[in-house]
């Protein structure tokens, strides 16, 4: 510390007394001199960026010393129009949009305009009435029923085989294990030859 009472300010080179001292990168500044070299904003420990003996706010530091070129922003919330021509980067114009002729639109396209078809009746199924079973869409009322006994189904009471839905009892009768000792219902024994 020099004989005048304090260190010299990194900006104005005048004496900095303890009550007004801000330390940064081993140097002292007056609070009123601790400003960005470019835009003049007041700085603090969270907004300062140091380069050599100069202090900057983070935004100005990024503009002056940060990466440049295509894809790099020029500070918070701004876009760069530099496409990198000076670096030899060339850009192709995107092809014009052509509507698809795909008869089976994606799930996103179905959500915004189209709809699934019911596997039972073949009519459109909209979100409010749709139930998924066996990988297909069904109307909740009237169509989401067992293929054999026509019993109304729930997602927990249905079983599927080859894209068709069944109640658990009918599924067991048609596709379950068969033979001596396998019951066909509550307490029933079946003997097949």
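The backbone N, Cα and C atoms fix where each Cβ goes, and this holds for glycine too.
No curator has checked TrEMBL annotations; they are predicted automatically.
Per TrEMBL, the feature domain 'LIM zinc-binding' maps to 7-67 (among others).
Taken from TrEMBL, the feature domain 'LIM zinc-binding' applies to 116-177 (among others).
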Tally of residues which DSSP labels helix, strand or coil - the domain 'LIM zinc-binding' (7-67) | 14 helix, 23 strand, 24 coil
Across the whole of the domain 'LIM zinc-binding' (116-177), what does the mean pLDDT come to? Round it, please.
-> 87
Helix, strand and coil residues within the domain 'LIM zinc-binding' (116-177) as assigned by DSSP | 11 helix, 23 strand, 28 coil
